[in-house]
Amino acid sequence: MYHHGNKVIDEQRQGEALILTHEGKKKLYIESYGCQMNFSDSEIVASILSKEGFATTKNPEEADLVLLNTCSIREKAEQTVRNRLSHFHAIKKQNPDIKIGVLGCMAERIKEKLLEEEKLVDIVVGPDAYRDLPKLIKEAEDGRKAVNVLLSKEETYGDVNPVRLGGNGVTAFISIMRGCDNMCTFCVVPFTRGRERSRNPQSIIDEAKILQDAGYKEITLLGQNVDSYLWYGGGLKKDFAKASEIAKASAVRFAQLLRQVAEAVPEMRIRFSTSNPQDMTEDVLHTIAAYNNICKYIHLPVQSGSTRILKAMNRGHNREQYIELIDKIRKIIPDCGLSHDMITGFPGETEEDHQDTLSLMEYVKYDFGYMFKYSERPGTYAARHFKDDVPNEVKTRRLTEIIDLQQKHSLYRNQQHIGKIEEVLVEGVSKKSNEHWFGRNTQNTVVVFPKENVKPGDFVKVKILECTSATLLGQIVH
Ligand code: SAH
Ligand code: F3S
(Lines of atoms letter the chains of each structure in order from A; the text may use other names.)
(Lines give C-alpha, C1' and ligand atoms only; values in the text may rest on other atoms or scores of the structure.)
(Ligands and ions follow the chains in the order given, each with its own letter.)
Protein backbone atom coordinates (compact mmCIF):
# COMPACT_ATOMS: atom_id res chain seq x y z
CA MET A 1 0.00 0.00 0.00
CA TYR A 2 1.29 3.42 -0.90
CA HIS A 3 0.96 6.26 1.52
CA HIS A 4 2.00 9.82 1.82
CA GLY A 5 3.01 11.88 4.80
CA ASN A 6 0.61 11.42 7.66
CA LYS A 7 -2.53 11.55 5.56
CA VAL A 8 -3.52 8.01 5.97
CA ILE A 9 -6.34 5.60 5.57
CA ASP A 10 -7.17 2.40 7.34
CA GLU A 11 -4.31 0.02 8.14
CA GLN A 12 -1.75 2.77 7.83
CA ARG A 13 -2.84 4.69 10.86
CA GLN A 14 -3.99 2.13 13.28
CA GLY A 15 -4.19 2.19 16.99
CA GLU A 16 -3.05 5.67 17.75
CA ALA A 17 -3.83 6.26 21.37
CA LEU A 18 -5.35 9.58 22.29
CA ILE A 19 -3.90 11.32 25.29
CA LEU A 20 -5.30 13.64 27.94
CA THR A 21 -4.66 12.73 31.54
CA HIS A 22 -6.07 14.20 34.74
CA GLU A 23 -5.52 12.74 38.17
CA GLY A 24 -8.37 11.34 40.25
CA LYS A 25 -10.84 10.71 37.46
CA LYS A 26 -12.08 7.56 35.80
CA LYS A 27 -9.70 6.66 33.01
CA LEU A 28 -10.57 6.12 29.37
CA TYR A 29 -8.20 4.55 26.86
CA ILE A 30 -9.35 4.98 23.27
CA GLU A 31 -7.76 3.74 20.05
CA SER A 32 -8.90 4.67 16.55
CA TYR A 33 -8.60 2.73 13.31
CA GLY A 34 -9.50 3.61 9.74
CA CYS A 35 -10.58 6.88 8.18
CA GLN A 36 -10.17 10.45 9.41
CA MET A 37 -13.84 10.47 10.39
CA ASN A 38 -13.12 7.79 13.00
CA PHE A 39 -10.34 9.88 14.52
CA SER A 40 -12.72 12.83 14.56
CA ASP A 41 -15.51 10.69 16.11
CA SER A 42 -13.16 9.58 18.89
CA GLU A 43 -12.76 13.25 19.82
CA ILE A 44 -16.56 13.51 20.03
CA VAL A 45 -16.65 10.38 22.21
CA ALA A 46 -13.95 11.82 24.50
CA SER A 47 -16.00 15.00 24.79
CA ILE A 48 -19.20 13.13 25.67
CA LEU A 49 -17.35 11.03 28.26
CA SER A 50 -15.42 13.91 29.77
CA LYS A 51 -18.79 15.19 31.00
CA GLU A 52 -19.17 11.81 32.75
CA GLY A 53 -15.89 12.29 34.59
CA PHE A 54 -13.60 10.34 32.26
CA ALA A 55 -10.09 11.55 31.47
CA THR A 56 -8.10 9.78 28.79
CA THR A 57 -4.92 7.83 29.42
CA LYS A 58 -2.30 6.44 27.07
CA ASN A 59 -1.84 3.37 29.20
CA PRO A 60 -4.58 0.72 28.76
CA GLU A 61 -3.38 -1.06 31.91
CA GLU A 62 -4.54 1.77 34.14
CA ALA A 63 -7.83 2.33 32.27
CA ASP A 64 -11.33 1.74 33.64
CA LEU A 65 -12.71 1.76 30.13
CA VAL A 66 -11.04 0.68 26.87
CA LEU A 67 -12.70 1.70 23.59
CA LEU A 68 -11.65 0.66 20.09
CA ASN A 69 -13.11 2.80 17.31
CA THR A 70 -13.08 0.35 14.44
CA CYS A 71 -13.00 0.10 10.64
CA SER A 72 -14.73 -2.42 8.35
CA ILE A 73 -13.65 -1.14 4.97
CA ARG A 74 -11.51 -4.18 4.13
CA GLU A 75 -11.25 -7.59 5.76
CA LYS A 76 -7.71 -6.81 6.86
CA ALA A 77 -8.89 -3.76 8.81
CA GLU A 78 -11.28 -5.96 10.80
CA GLN A 79 -8.61 -8.59 11.36
CA THR A 80 -6.30 -5.93 12.79
CA VAL A 81 -8.95 -4.97 15.33
CA ARG A 82 -9.59 -8.61 16.28
CA ASN A 83 -5.86 -9.15 16.83
CA ARG A 84 -5.75 -6.05 18.94
CA LEU A 85 -8.75 -7.19 20.99
CA SER A 86 -7.02 -10.47 21.84
CA HIS A 87 -4.24 -8.39 23.38
CA PHE A 88 -6.69 -7.06 25.97
CA HIS A 89 -7.44 -10.56 27.37
CA ALA A 90 -4.34 -10.35 29.55
CA ILE A 91 -5.29 -6.90 30.81
CA LYS A 92 -8.80 -8.04 31.63
CA LYS A 93 -7.43 -11.04 33.54
CA GLN A 94 -5.40 -8.69 35.70
CA ASN A 95 -8.23 -6.23 36.14
CA PRO A 96 -11.63 -7.96 35.76
CA ASP A 97 -13.47 -4.67 36.37
CA ILE A 98 -12.14 -3.08 33.19
CA LYS A 99 -14.86 -2.58 30.55
CA ILE A 100 -14.11 -3.05 26.88
CA GLY A 101 -16.16 -1.41 24.13
CA VAL A 102 -16.13 -1.68 20.36
CA LEU A 103 -17.25 1.46 18.52
CA GLY A 104 -17.61 2.39 14.87
CA CYS A 105 -18.09 0.43 11.69
CA MET A 106 -17.34 -3.09 12.97
CA ALA A 107 -19.83 -2.56 15.80
CA GLU A 108 -22.43 -1.49 13.25
CA ARG A 109 -21.69 -4.29 10.79
CA ILE A 110 -21.50 -7.23 13.19
CA LYS A 111 -23.84 -5.93 15.93
CA GLU A 112 -24.72 -8.21 18.90
CA LYS A 113 -22.86 -11.10 17.29
CA LEU A 114 -19.62 -9.36 18.18
CA LEU A 115 -20.39 -10.11 21.86
CA GLU A 116 -20.49 -13.84 21.08
CA GLU A 117 -17.44 -13.78 18.82
CA GLU A 118 -15.28 -11.69 21.14
CA LYS A 119 -16.14 -12.75 24.68
CA LEU A 120 -14.20 -9.99 26.40
CA VAL A 121 -16.26 -7.22 24.80
CA ASP A 122 -18.83 -5.57 27.11
CA ILE A 123 -20.15 -2.73 24.94
CA VAL A 124 -20.97 -2.49 21.21
CA VAL A 125 -21.86 0.98 19.85
CA GLY A 126 -22.48 2.09 16.26
CA PRO A 127 -21.35 5.47 14.88
CA ASP A 128 -24.67 7.24 15.45
CA ALA A 129 -25.18 6.14 19.07
CA TYR A 130 -22.30 7.77 20.96
CA ARG A 131 -24.61 10.00 22.98
CA ASP A 132 -25.93 6.80 24.53
CA LEU A 133 -22.46 5.78 25.79
CA PRO A 134 -22.93 7.03 29.39
CA LYS A 135 -26.02 4.82 29.77
CA LEU A 136 -24.36 1.84 28.05
CA ILE A 137 -21.29 2.15 30.29
CA LYS A 138 -23.51 2.11 33.39
CA GLU A 139 -25.23 -1.05 32.13
CA ALA A 140 -21.84 -2.66 31.61
CA GLU A 141 -20.75 -1.59 35.10
CA ASP A 142 -23.85 -3.33 36.42
CA GLY A 143 -22.65 -6.51 34.76
CA ARG A 144 -24.85 -6.48 31.68
CA LYS A 145 -23.64 -6.48 28.10
CA ALA A 146 -24.74 -3.30 26.33
CA VAL A 147 -25.48 -2.68 22.66
CA ASN A 148 -26.74 0.27 20.62
CA VAL A 149 -26.34 0.10 16.87
CA LEU A 150 -29.27 2.27 15.82
CA LEU A 151 -28.56 4.44 12.80
CA SER A 152 -30.04 7.91 12.87
CA LYS A 153 -31.78 10.29 10.48
CA GLU A 154 -30.62 13.33 12.41
CA GLU A 155 -27.48 12.69 14.39
CA THR A 156 -24.56 14.90 13.38
CA TYR A 157 -23.15 15.61 16.89
CA GLY A 158 -23.44 19.24 15.73
CA ASP A 159 -23.52 20.65 19.27
CA VAL A 160 -20.66 18.56 20.67
CA ASN A 161 -17.42 20.48 20.91
CA PRO A 162 -14.80 17.76 20.39
CA VAL A 163 -11.97 17.34 22.88
CA ARG A 164 -8.85 17.75 20.71
CA LEU A 165 -6.71 14.75 21.52
CA GLY A 166 -3.29 13.58 20.49
CA GLY A 167 -3.02 16.32 17.88
CA ASN A 168 -0.34 18.87 17.11
CA GLY A 169 -2.36 21.98 18.07
CA VAL A 170 -2.04 23.20 14.47
CA THR A 171 -4.37 21.09 12.32
CA ALA A 172 -7.83 19.76 13.22
CA PHE A 173 -10.81 17.97 11.70
CA ILE A 174 -14.38 19.24 11.56
CA SER A 175 -17.14 16.82 10.55
CA ILE A 176 -19.66 18.43 8.23
CA MET A 177 -21.83 15.53 7.15
CA ARG A 178 -22.36 11.88 7.99
CA GLY A 179 -23.25 8.74 6.05
CA CYS A 180 -23.18 8.01 2.34
CA ASP A 181 -26.00 7.44 -0.17
CA ASN A 182 -23.85 6.50 -3.14
CA MET A 183 -23.96 2.74 -2.76
CA CYS A 184 -20.79 1.84 -4.61
CA THR A 185 -21.24 -1.92 -4.96
CA PHE A 186 -17.99 -2.82 -3.15
CA CYS A 187 -18.43 -0.47 -0.21
CA VAL A 188 -19.64 -1.25 3.31
CA VAL A 189 -19.83 2.42 4.41
CA PRO A 190 -23.50 3.02 3.46
CA PHE A 191 -24.38 0.04 5.69
CA THR A 192 -22.22 1.04 8.64
CA ARG A 193 -22.68 4.79 8.59
CA GLY A 194 -26.21 5.06 7.29
CA ARG A 195 -27.89 7.65 5.10
CA GLU A 196 -26.46 11.06 4.29
CA ARG A 197 -27.28 14.01 6.51
CA SER A 198 -25.52 17.33 6.90
CA ARG A 199 -24.63 19.49 9.83
CA ASN A 200 -25.90 23.02 10.44
CA PRO A 201 -23.44 25.44 8.77
CA GLN A 202 -23.56 27.79 11.75
CA SER A 203 -22.32 25.05 14.10
CA ILE A 204 -19.52 24.28 11.62
CA ILE A 205 -18.50 27.95 11.53
CA ASP A 206 -18.69 28.19 15.32
CA GLU A 207 -16.38 25.19 15.65
CA ALA A 208 -13.93 26.72 13.14
CA LYS A 209 -13.87 29.96 15.17
CA ILE A 210 -13.25 28.09 18.42
CA LEU A 211 -10.30 26.38 16.75
CA GLN A 212 -9.00 29.66 15.39
CA ASP A 213 -9.19 31.23 18.85
CA ALA A 214 -7.32 28.22 20.26
CA GLY A 215 -4.45 28.87 17.83
CA TYR A 216 -5.20 26.25 15.18
CA LYS A 217 -4.09 27.14 11.65
CA GLU A 218 -5.67 24.50 9.44
CA ILE A 219 -8.99 22.68 9.41
CA THR A 220 -10.13 19.75 7.29
CA LEU A 221 -13.86 19.56 6.63
CA LEU A 222 -14.78 15.90 6.77
CA GLY A 223 -17.47 13.76 5.22
CA GLN A 224 -17.70 10.49 3.30
CA ASN A 225 -18.91 12.55 0.36
CA VAL A 226 -18.43 16.28 1.05
CA ASP A 227 -19.66 17.48 -2.35
CA SER A 228 -23.02 16.07 -1.44
CA TYR A 229 -23.29 18.39 1.60
CA LEU A 230 -26.81 19.83 1.82
CA TRP A 231 -28.24 21.76 4.74
CA TYR A 232 -31.95 22.57 4.54
CA GLY A 233 -32.78 22.74 8.22
CA GLY A 234 -31.90 19.15 9.10
CA GLY A 235 -32.94 15.68 7.99
CA LEU A 236 -31.77 13.18 5.43
CA LYS A 237 -30.50 14.29 2.05
CA LYS A 238 -32.86 11.86 0.36
CA ASP A 239 -35.85 13.65 1.94
CA PHE A 240 -34.87 17.02 0.47
CA ALA A 241 -37.52 16.73 -2.26
CA LYS A 242 -40.19 16.68 0.47
CA ALA A 243 -38.90 19.86 2.16
CA SER A 244 -40.88 23.12 2.14
CA GLU A 245 -40.27 25.64 -0.64
CA ILE A 246 -38.73 28.04 1.88
CA ALA A 247 -36.33 25.38 3.14
CA LYS A 248 -35.38 24.50 -0.44
CA ALA A 249 -34.79 28.11 -1.41
CA SER A 250 -32.46 28.74 1.52
CA ALA A 251 -30.58 25.43 1.29
CA VAL A 252 -26.78 25.55 1.69
CA ARG A 253 -24.64 23.38 -0.59
CA PHE A 254 -20.94 22.54 -0.36
CA ALA A 255 -19.61 25.48 -2.41
CA GLN A 256 -21.55 27.92 -0.24
CA LEU A 257 -20.39 26.23 2.94
CA LEU A 258 -16.76 26.43 1.77
CA ARG A 259 -17.19 30.11 1.01
CA GLN A 260 -18.82 30.83 4.37
CA VAL A 261 -16.08 29.01 6.28
CA ALA A 262 -13.29 30.63 4.23
CA GLU A 263 -14.70 34.06 5.04
CA ALA A 264 -15.43 33.31 8.71
CA VAL A 265 -11.84 32.22 9.47
CA PRO A 266 -9.66 34.03 6.89
CA GLU A 267 -6.41 33.25 8.76
CA MET A 268 -7.05 29.51 8.63
CA ARG A 269 -6.12 27.13 5.89
CA ILE A 270 -9.07 25.03 4.80
CA ARG A 271 -8.98 21.50 3.38
CA PHE A 272 -11.78 19.02 2.79
CA SER A 273 -12.14 15.29 2.23
CA THR A 274 -13.51 13.25 0.51
CA SER A 275 -14.75 14.46 -2.85
CA ASN A 276 -16.74 12.21 -5.10
CA PRO A 277 -16.35 12.79 -8.85
CA GLN A 278 -20.05 12.36 -9.55
CA ASP A 279 -21.08 14.97 -6.98
CA MET A 280 -18.36 17.58 -7.47
CA THR A 281 -19.77 20.70 -9.12
CA GLU A 282 -17.95 23.44 -11.00
CA ASP A 283 -18.87 26.10 -8.44
CA VAL A 284 -16.81 24.17 -5.87
CA LEU A 285 -13.81 24.49 -8.18
CA HIS A 286 -14.38 28.23 -8.64
CA THR A 287 -14.67 28.64 -4.88
CA ILE A 288 -11.36 26.84 -4.31
CA ALA A 289 -9.74 29.08 -6.91
CA ALA A 290 -11.25 32.27 -5.47
CA TYR A 291 -10.05 31.96 -1.85
CA ASN A 292 -6.39 32.07 -0.89
CA ASN A 293 -7.03 30.19 2.31
CA ILE A 294 -8.69 27.19 0.63
CA CYS A 295 -5.91 24.73 -0.18
CA LYS A 296 -5.29 23.82 -3.80
CA TYR A 297 -5.64 20.11 -3.30
CA ILE A 298 -8.39 17.63 -4.13
CA HIS A 299 -8.55 14.00 -3.11
CA LEU A 300 -10.64 12.55 -5.91
CA PRO A 301 -11.03 8.76 -5.66
CA VAL A 302 -11.68 7.08 -9.00
CA GLN A 303 -11.36 3.34 -8.11
CA SER A 304 -10.75 2.18 -11.71
CA GLY A 305 -9.87 3.56 -15.13
CA SER A 306 -12.23 1.19 -16.92
CA THR A 307 -15.74 2.36 -17.74
CA ARG A 308 -16.97 -1.24 -17.66
CA ILE A 309 -15.67 -1.74 -14.10
CA LEU A 310 -16.87 1.71 -12.97
CA LYS A 311 -20.34 0.68 -14.08
CA ALA A 312 -20.17 -2.60 -12.17
CA MET A 313 -19.00 -0.58 -9.16
CA ASN A 314 -22.08 1.67 -9.52
CA ARG A 315 -19.87 4.73 -9.64
CA GLY A 316 -21.87 7.63 -11.02
CA HIS A 317 -19.25 8.50 -13.65
CA ASN A 318 -17.43 6.83 -16.50
CA ARG A 319 -13.80 7.22 -17.54
CA GLU A 320 -14.51 10.09 -19.94
CA GLN A 321 -16.53 12.08 -17.41
CA TYR A 322 -13.78 11.68 -14.86
CA ILE A 323 -11.19 12.90 -17.36
CA GLU A 324 -13.42 15.87 -18.19
CA LEU A 325 -13.54 16.75 -14.50
CA ILE A 326 -9.75 16.49 -14.23
CA ASP A 327 -9.37 18.79 -17.25
CA LYS A 328 -11.75 21.30 -15.64
CA ILE A 329 -9.78 21.22 -12.39
CA ARG A 330 -6.50 21.81 -14.25
CA LYS A 331 -8.06 24.77 -16.06
CA ILE A 332 -9.83 26.42 -13.12
CA ILE A 333 -7.19 25.66 -10.43
CA PRO A 334 -3.74 25.59 -12.04
CA ASP A 335 -1.19 23.69 -9.89
CA CYS A 336 -3.92 21.87 -7.99
CA GLY A 337 -2.62 18.83 -6.09
CA LEU A 338 -4.56 15.67 -6.93
CA SER A 339 -4.72 12.28 -5.28
CA HIS A 340 -6.79 9.15 -5.82
CA ASP A 341 -8.04 5.90 -4.37
CA MET A 342 -7.80 2.84 -6.61
CA ILE A 343 -8.97 -0.73 -6.26
CA THR A 344 -7.34 -3.63 -8.12
CA GLY A 345 -8.99 -6.97 -8.79
CA PHE A 346 -12.65 -5.97 -8.59
CA PRO A 347 -14.79 -8.96 -9.75
CA GLY A 348 -14.43 -9.48 -13.49
CA GLU A 349 -11.45 -7.10 -13.89
CA THR A 350 -9.50 -8.17 -16.99
CA GLU A 351 -5.96 -7.29 -18.05
CA GLU A 352 -7.51 -4.77 -20.42
CA ASP A 353 -9.42 -3.08 -17.58
CA HIS A 354 -6.19 -2.98 -15.59
CA GLN A 355 -4.42 -1.34 -18.55
CA ASP A 356 -7.22 1.27 -18.58
CA THR A 357 -6.42 2.03 -14.95
CA LEU A 358 -2.71 2.43 -15.73
CA SER A 359 -3.43 4.68 -18.71
CA LEU A 360 -5.81 6.86 -16.68
CA MET A 361 -3.10 7.28 -14.06
CA GLU A 362 -0.64 8.13 -16.83
CA TYR A 363 -3.05 10.82 -18.06
CA VAL A 364 -3.62 12.42 -14.66
CA LYS A 365 -0.18 11.85 -13.09
CA TYR A 366 -1.53 12.16 -9.56
CA ASP A 367 0.58 13.68 -6.82
CA PHE A 368 -0.19 10.67 -4.66
CA GLY A 369 -2.65 7.87 -4.16
CA TYR A 370 -4.09 5.22 -1.90
CA MET A 371 -4.27 1.83 -3.55
CA PHE A 372 -5.99 -1.33 -2.39
CA LYS A 373 -6.72 -4.91 -3.38
CA TYR A 374 -10.43 -5.59 -3.66
CA SER A 375 -11.74 -7.13 -0.46
CA GLU A 376 -15.22 -8.63 -0.57
CA ARG A 377 -17.45 -7.19 2.16
CA PRO A 378 -20.42 -9.27 3.35
CA GLY A 379 -23.82 -7.81 2.48
CA THR A 380 -22.65 -5.44 -0.24
CA TYR A 381 -24.16 -5.63 -3.72
CA ALA A 382 -20.87 -6.93 -5.13
CA ALA A 383 -20.69 -9.70 -2.52
CA ARG A 384 -24.26 -10.75 -3.30
CA HIS A 385 -24.05 -10.61 -7.10
CA PHE A 386 -20.44 -10.96 -8.27
CA LYS A 387 -17.87 -13.67 -7.75
CA ASP A 388 -14.59 -12.50 -6.22
CA ASP A 389 -12.88 -14.15 -9.18
CA VAL A 390 -9.56 -12.35 -9.63
CA PRO A 391 -6.91 -14.62 -8.05
CA ASN A 392 -5.00 -13.08 -5.17
CA GLU A 393 -1.66 -13.32 -7.04
CA VAL A 394 -3.18 -11.34 -9.90
CA LYS A 395 -4.58 -8.70 -7.54
CA THR A 396 -1.19 -8.42 -5.88
CA ARG A 397 0.68 -8.11 -9.17
CA ARG A 398 -1.71 -5.43 -10.44
CA LEU A 399 -1.47 -3.59 -7.15
CA THR A 400 2.32 -3.61 -7.37
CA GLU A 401 2.12 -2.23 -10.89
CA ILE A 402 -0.10 0.69 -9.95
CA ILE A 403 1.94 1.44 -6.82
CA ASP A 404 5.14 1.50 -8.90
CA LEU A 405 3.52 3.80 -11.44
CA GLN A 406 2.21 6.09 -8.70
CA GLN A 407 5.68 6.28 -7.18
CA LYS A 408 7.01 7.41 -10.55
CA HIS A 409 4.30 10.07 -10.88
CA SER A 410 4.79 11.29 -7.31
CA LEU A 411 8.48 11.79 -8.06
CA TYR A 412 7.62 13.57 -11.31
CA ARG A 413 5.12 15.89 -9.57
CA ASN A 414 7.51 16.61 -6.72
CA GLN A 415 10.28 17.51 -9.15
CA GLN A 416 8.06 20.25 -10.56
CA HIS A 417 8.29 22.05 -7.21
CA ILE A 418 12.11 22.30 -7.26
CA GLY A 419 13.30 25.89 -7.44
CA LYS A 420 9.95 27.34 -6.33
CA ILE A 421 9.29 29.27 -3.14
CA GLU A 422 6.20 27.86 -1.42
CA GLU A 423 4.14 28.69 1.63
CA VAL A 424 4.38 25.94 4.23
CA LEU A 425 2.49 25.56 7.51
CA VAL A 426 4.90 24.19 10.12
CA GLU A 427 3.32 21.15 11.80
CA GLY A 428 6.07 19.53 13.86
CA VAL A 429 9.46 17.87 14.04
CA SER A 430 10.49 15.81 11.01
CA LYS A 431 10.26 12.08 11.67
CA LYS A 432 13.77 11.57 10.36
CA SER A 433 15.66 14.44 11.97
CA ASN A 434 15.35 16.45 15.14
CA GLU A 435 17.05 19.38 13.43
CA HIS A 436 14.26 19.72 10.85
CA TRP A 437 10.62 20.75 10.84
CA PHE A 438 8.02 19.25 8.56
CA GLY A 439 4.94 20.94 7.18
CA ARG A 440 2.82 20.95 4.04
CA ASN A 441 2.43 23.17 1.03
CA THR A 442 -1.01 24.01 -0.33
CA GLN A 443 -0.98 20.84 -2.49
CA ASN A 444 -0.67 18.75 0.70
CA THR A 445 2.86 17.61 -0.12
CA VAL A 446 5.15 17.20 2.89
CA VAL A 447 8.02 19.69 3.01
CA VAL A 448 11.04 19.19 5.31
CA PHE A 449 13.51 21.99 6.14
CA PRO A 450 16.09 23.05 8.76
CA LYS A 451 14.39 24.49 11.86
CA GLU A 452 15.76 28.02 12.15
CA ASN A 453 13.83 30.45 14.27
CA VAL A 454 10.25 29.30 13.60
CA LYS A 455 7.77 27.05 15.41
CA PRO A 456 4.79 24.78 14.70
CA GLY A 457 1.80 26.89 13.67
CA ASP A 458 3.93 29.40 11.74
CA PHE A 459 3.46 29.96 8.02
CA VAL A 460 6.88 30.13 6.37
CA LYS A 461 8.24 30.57 2.85
CA VAL A 462 10.39 27.63 1.85
CA LYS A 463 12.55 27.36 -1.24
CA ILE A 464 12.33 23.80 -2.56
CA LEU A 465 15.79 22.42 -3.33
CA GLU A 466 15.44 18.65 -3.72
CA CYS A 467 12.86 15.89 -3.43
CA THR A 468 12.11 12.20 -3.09
CA SER A 469 8.87 10.65 -4.32
CA ALA A 470 7.35 11.31 -0.88
CA THR A 471 8.89 14.53 0.37
CA LEU A 472 10.11 17.96 -0.70
CA LEU A 473 13.31 19.24 0.92
CA GLY A 474 14.04 22.94 1.19
CA GLN A 475 15.21 25.93 3.14
CA ILE A 476 13.35 28.86 4.70
CA VAL A 477 13.75 32.13 2.78
CA HIS A 478 13.46 35.47 4.57
N1 SAH B 1 -15.92 8.42 0.58
C2 SAH B 1 -15.02 7.75 1.43
C3 SAH B 1 -14.48 6.51 0.89
C4 SAH B 1 -14.37 5.57 2.00
S5 SAH B 1 -13.55 4.16 1.69
C6 SAH B 1 -13.98 8.62 2.06
O7 SAH B 1 -14.32 9.54 2.73
O8 SAH B 1 -12.77 8.39 1.93
C9 SAH B 1 -11.91 4.66 1.23
C10 SAH B 1 -11.42 3.88 0.08
O11 SAH B 1 -11.34 2.52 0.42
C12 SAH B 1 -12.34 3.91 -1.14
O13 SAH B 1 -12.20 5.05 -1.90
C14 SAH B 1 -11.90 2.67 -1.87
O15 SAH B 1 -10.82 2.92 -2.74
C16 SAH B 1 -11.44 1.74 -0.76
N17 SAH B 1 -12.39 0.65 -0.53
C18 SAH B 1 -13.68 0.75 -0.16
N19 SAH B 1 -14.25 -0.48 -0.12
C20 SAH B 1 -13.29 -1.36 -0.48
C21 SAH B 1 -13.26 -2.78 -0.65
N22 SAH B 1 -14.34 -3.52 -0.45
N23 SAH B 1 -12.10 -3.35 -1.04
C24 SAH B 1 -10.99 -2.60 -1.28
N25 SAH B 1 -10.98 -1.27 -1.13
C26 SAH B 1 -12.10 -0.65 -0.75
FE1 F3S C 1 -18.21 4.13 -0.15
FE2 F3S C 1 -18.75 5.02 -2.58
FE3 F3S C 1 -19.76 6.26 -0.43
S4 F3S C 1 -16.76 4.37 -1.83
S5 F3S C 1 -18.28 5.88 1.18
S6 F3S C 1 -20.25 4.19 -1.11
S7 F3S C 1 -18.96 7.21 -2.32
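Cβ atoms here come from the backbone N, Cα and C positions, even for glycine.
Predicted, not measured: the structure shown is a model, and the values here were computed from it.
Annotated [4Fe-4S] cluster 1 binding in TrEMBL involves Cys71, Cys105 plus, out of the candidates Cys35, Cys180, the residue Cys35. Taking a Cβ cut-off of under 6 Å from any atom of ligand 1, the binding-site residues Cys71, Cys105, Cys184, Cys187 reduce to Cys187. Cys35 ([4Fe-4S] cluster 1 binding site) sits 14 Å from Cys187 ([4Fe-4S] cluster 2 binding site), taking the Cα positions as reference. In this structure, the C-alpha atom of Cys187 ([4Fe-4S] cluster 2 binding site) lies 12 angstrom from that of Cys105 ([4Fe-4S] cluster 1 binding site). The two recorded residues, Cys184 ([4Fe-4S] cluster 2 binding site) and Cys105 ([4Fe-4S] cluster 1 binding site), show a Cα separation of 17 Å. Checking the binding-site residues Cys35, Cys71, Cys105 against ligand 2, none has a C-beta less than 6 Å from an atom of that molecule.
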